[in-house]
Amino acid sequence: ASHANLAIDQISEQNFQPRIHVVKGFSISTAVVCHQCEDAPCANVCPNGAIIHNKDYYYVDQDKCIGCKTCVLACPYGTMEVVSRPVMRKLTALNTIEAFKAEANKCDLCHHRAEGPACVEVCPTQALVCIDRDALEDMVKERRRKAAFETGADLLF
(Lines of atoms letter the chains of each structure in order from A and count residues from 1; the text may use other names and numbers.)
(Lines give C-alpha, C1' and ligand atoms only; values in the text may rest on other atoms or scores of the structure.)
Protein backbone atom coordinates (compact mmCIF):
# COMPACT_ATOMS: atom_id res chain seq x y z
CA ALA A 1 0.00 0.00 0.00
CA SER A 2 1.20 3.50 -0.75
CA HIS A 3 1.94 5.86 2.15
CA ALA A 4 -1.08 8.02 1.27
CA ASN A 5 -3.40 5.01 1.22
CA LEU A 6 -1.96 3.89 4.57
CA ALA A 7 -3.01 7.22 6.08
CA ILE A 8 -6.52 6.79 4.67
CA ASP A 9 -6.72 3.20 5.97
CA GLN A 10 -5.73 4.29 9.47
CA ILE A 11 -8.37 6.98 9.52
CA SER A 12 -11.03 4.60 8.15
CA GLU A 13 -10.37 2.11 10.93
CA GLN A 14 -11.83 4.65 13.35
CA ASN A 15 -15.18 4.34 11.56
CA PHE A 16 -14.42 7.58 9.75
CA GLN A 17 -15.44 8.39 6.19
CA PRO A 18 -12.22 9.52 4.43
CA ARG A 19 -12.37 13.07 3.18
CA ILE A 20 -9.09 12.94 1.35
CA HIS A 21 -8.57 11.27 -1.99
CA VAL A 22 -5.37 10.05 -3.58
CA VAL A 23 -4.79 10.61 -7.28
CA LYS A 24 -2.17 8.23 -8.60
CA GLY A 25 0.16 9.07 -11.45
CA PHE A 26 2.89 6.98 -13.06
CA SER A 27 5.66 8.13 -10.77
CA ILE A 28 3.92 10.15 -8.05
CA SER A 29 0.67 10.26 -6.14
CA THR A 30 -0.94 13.34 -4.68
CA ALA A 31 -3.59 14.00 -2.08
CA VAL A 32 -6.68 15.93 -3.11
CA VAL A 33 -8.60 17.55 -0.29
CA CYS A 34 -11.10 20.37 0.19
CA HIS A 35 -9.43 23.76 -0.28
CA GLN A 36 -11.76 25.47 2.22
CA CYS A 37 -12.43 28.14 -0.44
CA GLU A 38 -12.87 31.70 0.75
CA ASP A 39 -16.10 32.10 -1.25
CA ALA A 40 -17.02 28.40 -1.29
CA PRO A 41 -19.03 27.46 -4.40
CA CYS A 42 -20.36 24.36 -2.63
CA ALA A 43 -21.86 26.47 0.17
CA ASN A 44 -23.20 29.07 -2.26
CA VAL A 45 -25.26 26.52 -4.24
CA CYS A 46 -26.56 24.36 -1.38
CA PRO A 47 -30.36 24.72 -1.50
CA ASN A 48 -30.75 23.99 2.23
CA GLY A 49 -27.81 26.00 3.54
CA ALA A 50 -26.27 22.77 4.86
CA ILE A 51 -22.67 23.82 4.17
CA ILE A 52 -21.77 26.27 6.88
CA HIS A 53 -18.77 28.55 7.40
CA ASN A 54 -17.45 28.63 10.95
CA LYS A 55 -14.32 30.70 11.57
CA ASP A 56 -11.63 29.03 9.42
CA TYR A 57 -13.46 26.05 7.95
CA TYR A 58 -16.60 24.91 6.19
CA TYR A 59 -18.56 21.90 7.37
CA VAL A 60 -21.74 20.05 6.40
CA ASP A 61 -24.68 20.17 8.80
CA GLN A 62 -25.98 16.66 8.17
CA ASP A 63 -29.37 17.49 9.68
CA LYS A 64 -29.93 19.97 6.83
CA CYS A 65 -28.25 18.00 4.01
CA ILE A 66 -30.62 16.26 1.59
CA GLY A 67 -27.90 14.59 -0.51
CA CYS A 68 -28.90 16.40 -3.72
CA LYS A 69 -25.31 16.51 -5.10
CA THR A 70 -25.51 20.18 -6.11
CA CYS A 71 -22.37 20.85 -4.06
CA VAL A 72 -20.56 18.02 -5.87
CA LEU A 73 -21.19 19.71 -9.21
CA ALA A 74 -20.16 23.14 -7.89
CA CYS A 75 -16.82 22.14 -6.32
CA PRO A 76 -14.01 23.27 -8.68
CA TYR A 77 -11.57 20.77 -7.15
CA GLY A 78 -13.76 17.66 -7.20
CA THR A 79 -13.42 17.10 -3.47
CA MET A 80 -17.10 17.06 -2.52
CA GLU A 81 -18.87 13.72 -2.62
CA VAL A 82 -22.15 12.24 -1.51
CA VAL A 83 -22.01 9.08 0.59
CA SER A 84 -24.71 6.80 1.95
CA ARG A 85 -24.82 6.22 5.68
CA PRO A 86 -27.01 3.74 7.53
CA VAL A 87 -29.74 5.31 9.65
CA MET A 88 -32.64 3.91 11.64
CA ARG A 89 -36.03 5.08 10.35
CA LYS A 90 -39.05 4.96 12.61
CA LEU A 91 -42.06 3.37 10.90
CA THR A 92 -44.38 3.32 13.88
CA ALA A 93 -43.98 3.83 17.60
CA LEU A 94 -42.73 0.24 17.89
CA ASN A 95 -41.14 -0.47 14.51
CA THR A 96 -37.89 0.85 13.05
CA ILE A 97 -35.94 -0.26 10.01
CA GLU A 98 -32.41 0.32 8.83
CA ALA A 99 -32.30 2.63 5.82
CA PHE A 100 -29.66 4.71 4.08
CA LYS A 101 -29.35 8.49 3.94
CA ALA A 102 -27.38 10.23 1.21
CA GLU A 103 -25.33 13.11 2.56
CA ALA A 104 -22.52 15.39 1.46
CA ASN A 105 -19.05 14.55 2.68
CA LYS A 106 -16.18 17.04 2.72
CA CYS A 107 -13.11 17.86 4.74
CA ASP A 108 -13.91 20.01 7.74
CA LEU A 109 -10.30 20.09 8.97
CA CYS A 110 -11.37 17.71 11.76
CA HIS A 111 -12.61 20.73 13.70
CA HIS A 112 -13.83 18.38 16.44
CA ARG A 113 -10.26 17.16 17.16
CA ALA A 114 -7.96 19.17 19.40
CA GLU A 115 -4.99 17.61 17.57
CA GLY A 116 -6.18 18.99 14.21
CA PRO A 117 -6.74 17.04 11.00
CA ALA A 118 -6.38 13.28 11.43
CA CYS A 119 -4.80 12.85 7.98
CA VAL A 120 -1.96 15.21 8.93
CA GLU A 121 -1.40 13.33 12.18
CA VAL A 122 -1.24 9.85 10.62
CA CYS A 123 0.56 10.66 7.35
CA PRO A 124 3.66 8.43 7.53
CA THR A 125 5.77 10.72 5.33
CA GLN A 126 4.61 14.05 6.84
CA ALA A 127 3.60 15.09 3.33
CA LEU A 128 0.38 16.68 4.58
CA VAL A 129 0.42 19.98 6.44
CA CYS A 130 -2.16 22.61 7.35
CA ILE A 131 -1.34 26.28 7.02
CA ASP A 132 -3.59 29.30 7.16
CA ARG A 133 -4.17 31.68 4.25
CA ASP A 134 -1.89 34.38 5.66
CA ALA A 135 1.02 31.95 5.97
CA LEU A 136 0.37 30.69 2.44
CA GLU A 137 0.36 34.23 1.06
CA ASP A 138 3.62 34.97 2.90
CA MET A 139 5.20 31.84 1.38
CA VAL A 140 4.10 32.89 -2.11
CA LYS A 141 5.48 36.42 -1.64
CA GLU A 142 8.80 35.04 -0.40
CA ARG A 143 9.10 32.66 -3.36
CA ARG A 144 8.35 35.48 -5.80
CA ARG A 145 10.91 37.72 -4.10
CA LYS A 146 13.56 34.98 -4.29
CA ALA A 147 12.74 34.29 -7.92
CA ALA A 148 13.03 37.99 -8.75
CA PHE A 149 16.46 38.30 -7.11
CA GLU A 150 17.76 35.07 -8.64
CA THR A 151 16.86 36.21 -12.14
CA GLY A 152 17.22 39.96 -11.54
CA ALA A 153 20.22 40.55 -13.82
CA ASP A 154 18.69 38.51 -16.61
CA LEU A 155 15.64 40.72 -16.88
CA LEU A 156 16.02 43.72 -19.15
CA PHE A 157 13.08 45.83 -20.19
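Cβ from N, Cα, C; glycine included.
Listed by Swiss-Prot as binding [4Fe-4S] cluster 3 are Cys34, Cys37, Cys42; the candidate from Cys68, Cys75, Cys110 that the record includes in that site is Cys75.
Record note: Swiss-Prot gives Cys65, Cys68, Cys71 as [4Fe-4S] cluster 4-binding, and the candidate from Cys46, Cys107 in that site is Cys46. Under the three-state DSSP scheme, Cys34 ([4Fe-4S] cluster 3 binding site) falls in the coil class. Remote same-chain residues near the domain '4Fe-4S ferredoxin-type 2' (56-85) are listed as 17, 19, 21, 32-37, 40-50, 100-109, 111, 132 (criterion: CB distance under 8 Å, separation of at least six residues from the stretch ends). Within 10 Å of Cys71 ([4Fe-4S] cluster 4 binding site), judged by CA to CA distance, lies none of the binding-site residues Cys34, Cys119, Cys123. The highest number of surrounding Cβ atoms within 10 Å, among the binding-site residues Cys34, Cys37, Cys46, Cys71, Cys75, is found at Cys71. The DSSP breakdown of the domain '4Fe-4S ferredoxin-type 3' (100-133), given as helix, strand and coil counts, is 6 helix, 6 strand, 22 coil. Rounded to a whole value, the Cα-Cα separation of Cys46 ([4Fe-4S] cluster 4 binding site) and Cys110 ([4Fe-4S] cluster 2 binding site) is 21 Å.
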